[in-house]
Amino acid sequence: MDKLSIRDLSLEGKKVLVRVDFNVPIKDGKILDDVRIHSAMPTIHYLLKQDAAVILVSHVGRPKGGVFEEAYSLAPIVPVLEGYLGHHVPLSPDCIGEVARQAVAQLSPGRVLLLENVRFHKGEEHSDEDPSFAIELAAYADFYVNDAFGTSHRKHASVYRVPQLFPDRAAAGFLMEKELEFLGQHLLVEPKRPFTAILGGAKMSSKIGVIEALLSCVDHLVLAGGMGYTFLRAMNRQVGNSLVEESGIPLAKKVLEKAQALGVKIHLPVDAKVAKQCDSGEDWRELSIQEGIPEGLAGFDIGAQTIELFSKVIQESATIFWNGPVGVYEVPPFDQGSKAIAQCLASHSSAVTVVGGGDAAAVVALAGCASQISHVSTGGGASLEFLEKGSLPGTEILSPAQS
């Protein structure tokens, strides 16, 4: 990695501002999934072992900005952090201002302080309009560490502006290093071959950039989920009432043509679980794509033959990247295809398997096989943008590695 690492910093007795991604699902004050908190712990534990004073900054959700909203408070994160650390973690009721400055001043080496949601201030998301927000955050610390890969595709103050105020002192945390290693080295730079990318999800248009980027480096491209029906329509297949982006059909045709020119093998569903609607998961059946899906029915998951086809492609690959479910995984039995993909990846222990965050990561967790995947990214949109562009605003801006 060509960026400064926390291993390169002289941390004893120093204050370190750490941008973490604690944007976890919270319901009724309880955290539903703490994977992102757990993923940041190696960096936090390391800093504490080095006798640094650790100041954590994060966001949760999408508050309006400019006002405190209890629904988006980081308060529910405190007991989870305390459970991992084994000691009290104070929460500053604001991330800037006198109350935050006092909390930082009182923070001792070897302890952790959590600042309240940075998105309660407009200066976080609109740093060009209010540069003072970044300046105030930066004033707290001697060093800056970015361990928030999942947010690093955004040019927000705590990710992009603040590190610019730490010349030669803005480093990557361990989670960030791991993300860059797997998405960069193992996928973009030196993938073991054959290299297969599996892309699902609803909309093709939101992933066209990463599709075109992947065409230049993969051997196989598996396309399914809602976007798969747009490609099938582009091939003049009858898909009934399945989700199709009409405006995306010309783009899909261009992708198919480019793949053929580059020698990339495209794999699309050959059958589907169909129903009139997916709400209840009832009255479904499997139909062949060759025969076509009639009007009045829509595909909500891949069928048994497609599972077998995709599994064979996976088993014959040495590197696999997966982003986006291949069906409506929230509604059984339309979860079977996505779970089968997850289990197939998990069983292929000799391959490098990378799951690109978001819904695919949720499926892997539901299937109970996350620990058997080489790397489950903490960034959905961030992982796709990194694969498309090769870097992110929040990673580009970090200090260069020491020579």
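Using N, Cα and C of the backbone, Cβ positions are placed for all residues, glycine too.
When Arg7, Arg36, Arg111 are compared with the substrate site residues Asp21, Phe22, Asn23, His59, Val60, Gly61, Arg62, Arg119, Arg154 in Swiss-Prot, the one appearing in that site is Arg36. Most other Cβ atoms within 10 A: among the binding-site residues Glu330, Asp359, that distinction falls to Asp359. The most densely surrounded of the binding-site residues Gly299, Gly357, Gly358, judged by C-beta neighbours within 10 angstroms, is Gly299.
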